[in-house]
Amino acid sequence: MTAQTRGSARPNQWLRNLNAKIASIPMILTAVVIFVGGTAWTVLYSFTNSKLLPRLSFVGFDQYERLWEAPRWIVSIQNLAVFGFFSLIFSLVIGFVLAALMDQKIRFENTFRTIMLYPFALSFIVTGLVWQWLLNPQYGIQSIMRSLGWEGFSFDPLYNSDIVIYGILIAALWQGTGLVMCLMLAGLRGIDEDIWKAARVDGISMWKTYVLIIIPMMRGVFITTLVIIASGIVKVYDLVVAQTSGGPGIASEVPAKYVYDYMFLAQNLGQGFAASTMMLVTVAIIIVPWAYLEFGGGRKRG
Amino acid sequence: MKLRFLAAALAATVAMPFGAANATDLEVTHWWTSGGEAAAVAELAKAFDATGNKWVDGAIAGSGGTARPIMISRITGGDPMGATQFNHGRQAEELVQAGLMRDLTDLAEREHWKDIIKPASLLDSCTIEGKIYCAPVNIHSWQWLWLSNAAFKKAGVPVPKNWDEFVAAAPALEKAGIIPLALGGQPWQSSGAFDVLIVAIAGKDVFEQVFAKKDEAVAAGPEIAKVFKAADDARRMSKGSNVQDWNQATNLVITGKAGGQIMGDWAQGEFQVAGQKAGEDYTCLPGLGVNEVIATGGDAFYFPLIEDEEKSKAQEALASTLLKPETQVAFNLKKGSLPVRGDVDLATANDCMRKGLDILAKGNVIQWTDQLLSPDSQKQKEDLFSEFFANPSMTPEDAQKRFAEIIAAAD
């Protein structure tokens with residue numbers, strides 16, 4: 001009895017839900033040792049001149065200086081910015097519009113949903129190859145249009161340095177919007193029917209209801225979707241490898257490919273680590289303020 | 001270190017059943033997967049099996065760029081194969097320095113490798129701190145211009161005898177709807193083509209000053225400026241060859257859709273497979289017909305350190321087999337490459353191979369950039385030239401400035 005009364009003070013905080021805490025120890029260890037530990041290790045070695053094998057001989061910021069002087073890295077960053085901006089906007093907009101259309105109690109909804117989600121079941125490599133063929137001027141869209149009579153029709157984004165990144169964007173959207181649509185649809189289904197009825201009674205038009213009432217109510221879904229899309233953007237790699245392998249020239253290079261190429265092909269771990277650390281910093285710059293607002297601010301509101 | 005140990009322990013448990021079954025199985029990894037290459041590897045396997053051991057083929061599809069990271073991670077991860085291919089040069093340098101590779105010095109001395117391997121620079125590439133760590137198997141040279149006789153006939157101009165004539169013939173080819181120069185999109189191809197142009201246009205001495213001595217002033221100087229002008233020509237001539245792989249580009253030449261291609265002697269295998277004859281259907285110009293010099297790139301086998309008596313013996317047997325005259329002849333004829341010893345007779349070699357052998361016999365050889373530069377500098381060069389060849393708005397002057405920077409930073 002006495003032990004129990006004493007237990008109701010401070011230590012209880014730690015011992016509450018003991019089973020759950022024990023069960024989560026492996027995951028906590030994984031997170032700390034593998035994710036945090038691995039990250040710290042990578043950052044540490046990015047300040048060394050490690051070549052094929054990691055070596056602790058520090059060279060200060062040399063790797064970072066070289067990184068930011070490399071034209072290929074700059075091109076990679078620009079490509080990532082363009083790709084990220086458009087794929088974020090388009091996949092959210094297209095995904096939401098598709099979901100809203102799907103939510104109109106249409107017939108064969110299951111069929112349509114399956115069709116839309118189908119591309120997501122393919123790996124990026126397959127998507128990349130399919131779109132490489134479609135966008136190939138000799139076999140793909142261009143040749144079909146020409147054979148239909150539009151002789152002057154020209155559409156070969158993958159062979160044009162200036163627009164190649166949009167060719168990759170098309171494939172990424174084709175693959176990704178289905179998932180966004182499903183997430184949005186789930187969000188829409190979570191909205192209480194009464195809200196719609198109330199809006200209708202008040203005579204608010206449909207699109208206004210969506211924009212002013214439904215979307216703000218779907219904040220959680222939007223944030224989840226945003227995180228999923230954003231993480232996909234930063235690590236885009238296989239799509240580029242399958243479609244263009246960075247070409248023509250270096251016009252469609254992306255940061256993840258730079259990291260791989262320098263770590264394994266160029267046998268320069270230091271340079272690869274520096275590049276991956278920069279990727280981490282980029283993500284942190286975006287995620288940290290957002291997480292602070294979202295979770296820090298959220299508690300105050302709640 | 002701890003991670004490596006753990007990986008080794010894990011790998012050991014996986015490898016155990018195989019080890020127990022047959023101790024003299026030796027897994028050999030390589031990236032020779034095209035038709036002619038596979039036939040050549042089969043010759044090596046046959047010769048090795050004849051020694052009472054068993055060759056376990058570990059071909060890795062893709063190119064060296066795909067295969068090397070896999071090989072290296074297996075060696076550093078504690079799951080070494082019995083033997084593995086690398087190119088002559090510095091690709092395995094750090095593995096050796098880390099003590100992961102086997103020292104072959106004893107065997108080399110016993111079998112007098114120093115006397116039989118020609119040119120000697122091949123063995124130098126295998127030698128690190130006075131010890132020998134690899135067995136060279138062949139010589140591949142990059143310095144070749146392959147020309148389609150049919151394409152020039154169609155354009156109504158004679159088949160060029162050197163690079164300048166080729167450049168002069170380009171407008172006629174274009175008029176006939178032929179791409180003058182086939183160039184694949186993979187970065188190593190444009191970078192390699194440029195290195196070939198250096199030897200051809202600026203000569204052997206400049207090549208050595210730039211890549212062996214890493215002389216930045218020469219790299220930024222007028223001789224290399226001339227090379228960049230030639231590369232600018234090549235860039236214009238290669239416009240429209242929208243292919244990726246080298247053999248697709250070679251195929252453009254074989255089918256007469258392109259006039260020519262700068263590519264190593266491995267392209268010859270493609271002409272052979274297509275049933276074309278040197279001199280009749282295609283023409284080969286070593287050193288682009290200007291400077292008849294060939295570089296001694298190629299392949300060598302390295303042997304990871306394995307603590308297993310039987311396997312070590314098998315490794316030694318393999319290394320010795322690779323350099324036997326019979327193996328050298330059988331392998332190199334199928335591979336289209338030149339043997340690493342001067343005392344074997346390639347009676348059935350074709351025209352182009354003979355040209356190569358002659359140049360080799362005269363001693364007009366240089367070390368290739370794989371031997372002289374680290375993979376890191378090579379990659380930077382590839383980035384530069386794949387951009388240069390794909391982007392017509394990049395001026396030769398800008399490109400040369402960046403080239404000189406890469407040479408200045410090279411180690």
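Glycine too: its Cβ is placed from the backbone N, Cα and C atoms.
Note that the coordinates shown come from a computational prediction; the quantities given were computed from them, not determined experimentally.
Nonlocal intrachain contacts for the transmembrane segment (A:21-47), taken as residues 6+ away from its ends with a CB within less than 8 angstroms of a stretch CB, comprise 54, 56, 58-61, 63-64, 269-270, 273-274, 276-277, 280. Taken from TrEMBL, the feature transmembrane segment covers A:21-47 (among others).
The domain 'ABC transmembrane type-1' annotation in TrEMBL covers A:77-292.
The feature transmembrane segment is assigned by TrEMBL to A:80-102 (among others). Long-range contacts of the transmembrane segment (A:80-102) within its own chain (CB-CB distance under 8 A, at least 6 residues past either end) are made by residues 109, 112-113, 116, 165-166, 168-169, 172-173, 176-177, 179-185, 187-188, 210, 215, 222, 225-226, 229-230, 233-234, 236, 254-255.
Remote same-chain partners of the transmembrane segment (A:114-134), defined as residues 6 or more beyond its termini with a Cβ less than 8 Å from a stretch Cβ, comprise 98, 102, 140-141, 158, 167, 170-171, 174-179, 181-182, 238-244. The transmembrane segment annotation in TrEMBL covers A:114-134 (among others).
If you look up TrEMBL, you'll see A:163-188 (among others) marked as transmembrane segment.
According to TrEMBL, the transmembrane segment annotation covers A:209-234 (among others).
For A:273-293 (among others), the entry in TrEMBL reads transmembrane segment.
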Under 8 Å Cβ-Cβ from the transmembrane segment (A:163-188), and at least six residues away from its ends along the same chain, one finds 79, 82-83, 86-87, 90-92, 94-96, 98-100, 102-103, 113, 116-120, 122, 124, 127-128, 130-131, 135, 157, 214, 218, 220-222, 224-225, 228-229, 232, 236, 239-240, 243-244, 247-248, 251-252
